[in-house]
Amino acid sequence: MLPDDFLDRFHQLCPDAQKDTALASFAEPKSVSFRVNQLQAEPEPVVAALVDQGVDPEPVVWAQDQDIAAFTCGPEQREALTHSAEAESGDIYIQSLSSMLAPALLTPASDDWVLDLAAAPGGKTILLAEMMGNQGQISAVEPVRNRFFRLKSNLERCGVDNTRVYMKDGRAVGRLKPESFDRVLLDAPCSSESRFRADDPGSTFHWNLRKVKECARKQQRLILSAFDALKPGGTLCYCTCSYSPEENEQVVSHLLKKRDAALLPTELPIDNCSPGITQWQDKSLPEELAHTRRVWPTADMDGFYLALIAKAA
Ligand code: SAM
């Protein structure tokens, strides 16, 4: 069972065209997705080795079109995949498809200086490093000690060597490194509503509206720090795996109020998405928020929110 408050808000937010699929996805087993880590492996032999182990990967066309070697498998193959030699060696990385959208949207160049402001366990950092051909430089920030060490070991296992890791509070980075980065990713700590499962009370146990507002306060400070760390002419991708407007459009709206930031159109290569909202309860939000995107969950994909933001040159 999902919390009534959550369901009530979800019904208000999710467009009718997406609703049946989205609601069903909270109850149905999800497929499992992974990427071949092209920093150290070629997709063809890796997929062949997995097929030999009884795994049946289906290529994800929109991702492959962007040179991301992404595949999905049936939910019953999760165990085999998780315990495969390929996962252990870092030749594959198990990652939700929606998580792959953020690096794909940020499109770092190979000589960029990139900041990943909330980085552990590192799935998006590893994809950014792959897109940069292990060139340029990534600074990956994670303040929570055990998660910091998990990030570090994931980067090492996956052959990432253009990244320095920092155990720091992301809220301080904009002040410590102002106007320093060409690209910033803020995959903000959030209420994780997209991980809710109807058959797992543990997935919703800590959720309530007070917690959503607490996350929003931290996100508002993080997004200002992320923006301050951007060079003029740079681009910031803000994302969460929450549906709550307080953690999404209202955080971006806070940035628009406090800084000279401009929203860029967020073009996604998928159909299960809709524009960001411009009205929530009794509050009107800036019209430009329609440039941001809400990703709705399906049997293959988790929910997500993405905004692409520019700092004037
Ligand atoms: N980007 C990661 C990935 O793709 O693997 C997932 C990031 S997760 C959504 C958010 C992370 O933000 C968590 O690891 C959390 O510990 C971290 N976090 C929490 N408070 C933070 C803060 N003040 N500054 C930076 N990161 C923070």
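Each position is counted from 1, following the chain as shown.
The backbone N, Cα and C atoms fix where each Cβ goes, glycine too.
In TrEMBL, annotation is done automatically, which means it is predicted and not curated.
Here TrEMBL flags C241 as active site, nucleophile. Sequence annotations record features per position, and here TrEMBL assigns S-adenosyl-L-methionine binding site to A118, A119, A120, P121, G122, G123, K124, E142, D169, D187. Per TrEMBL, the feature domain 'SAM-dependent MTase RsmB/NOP-type' maps to 22-312.
Long-range Cβ neighbours of A120 (S-adenosyl-L-methionine binding site) (same chain, at least 6 residues apart, Cβ-Cβ under 8 Å): E142, V144, R147, F148, R150, L151. Each of the recorded positions A118, G122, K124, D169, C241 was scored by the number of other CB atoms within 10 A of its CB, and the lowest score belongs to D169.
Taken residue by residue with DSSP, C241 (active site, nucleophile) is part of neither helix nor strand, so it is coil. Farthest C-alpha pair in the S-adenosyl-L-methionine-binding residues A118, A119, A120, P121, G122, G123, K124, E142, D169, D187: 19 Å apart.
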